[in-house]
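The structure under discussion appears below in the form of structure tokens.
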Amino acid sequence: MPPSPETDFSNSSSFTCGSNHYERPTSIHHWQLRDLSTAALSLSFEPNSMTYGHGFLAAGGLHSELEVRNVRGGGASCFKGNVGGERGCVNNALHVGKHSNGSVRLFVCNNDSTVKVYALPSMAAVTTIRTGVPINYAALSPEGSSLVCAGDTPTVLVYTAHEAGYSLTSSFTEAQDVGMCCAWSHYGNTFAAAHQDGTLAVWDRRSGRLVAKMCAEAAARCVKFAKGPVDLLAVSEHEDQVHLIDSRRWSSSDLLICQPPPPPDEGGDAPLDDPSDISGIAFTPSGRRLWVGMRDGCMGQQQQQQQQQQQQQQQQLRNPPTPLPPPPPHNQRKSASHAQPPHPAARGQQQQQQQQQQQQQQQQQQQQQQQLRNPPTPLPPPPHNQQRKSASHAQPPHPAARG
């Protein structure tokens, strides 16, 4: 029976082992900055959004500034300027995805209630999606046919991609506050949205059914799916905490407390009354590690081991280890019909024993054949007088034996 979609972030499993922290000279300049890693370019504006995908790096600013570089092309500039809108229109988020026709596109989510779509690397304008509300994040499905948007409304919008534009096909509402982030699973069969009131909702793409709904204690700001075969969903709160959720069963989760290490001159743990803002999260391409960006420039690295443990357990269930058979008695050999299959570690010893037994049998057969060809000479009978002498000197039987 499938679990109920209504659940909470209960710490019922452990998907990680250990963490490392790395100093990075970055800081959060805007509360909507959720995916910043480290500054890779020297920009003429203060960036508040950044993304990388399909070889392109893009950064957006507080006044519609935008700069795009082709990293695989040696860092060549694709665009540097303003993408329109009135001054003060913030580029809330950027996303790079591949359309169903194979073309790479850049999605610019702006506070002017639009999502502007550009072709890369030419930066030719494809279309402008007018959503009616400021969009905080947009994500294209893996196969490039659907676009999900989360913005200043509790409703999550889903658009169908066409050759010339995008049309609104469905909407979903499960939260009471605005949407902050959205993401597609690696397989493209489910999508998730994180909201300001701590709600995380996951829907099935084909049926539109609510798959899971969970509530955090604080605002949920960023959500990411790990790539297969590691089926995990990570959602970060505004401060300190990141939740890892099993996206297969939706019945178990793990809580990560992301606190920076104490200064070198101070011992003990970091003070709990000094919360650490989380700027963004990202899985590595293999899905084995999760990076957490924090306010003071530290990156928390969590190693993911759930898939490896599950594979080991399944392998042990399918192929249990064969125990070593007990050594047989020295003078007793088992019949071939009741013999246990030899353990791989004991095969060499058994083969040596079999060879020795065969050599002994061959030696015995050779001795028997030699005796048949050359029988031993029988001893001659004793002389007649010696028999008489033996009889004359024979002692009489004991009285107890006469009766």
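Here the Cβ of each residue, glycine as well, is placed from N, Cα and C on the backbone.
When the ranges 224-253, 254-283 are checked against TrEMBL, the one recorded as region 'Disordered' is 254-283. Residues of the domain 'DUF2415' (219-249) grouped by DSSP class, helix first, strand second and coil last, total 0 helix, 19 strand, 12 coil. According to DSSP, the repeat 'WD' (183-213) comprises 0 helix, 18 strand, 13 coil.
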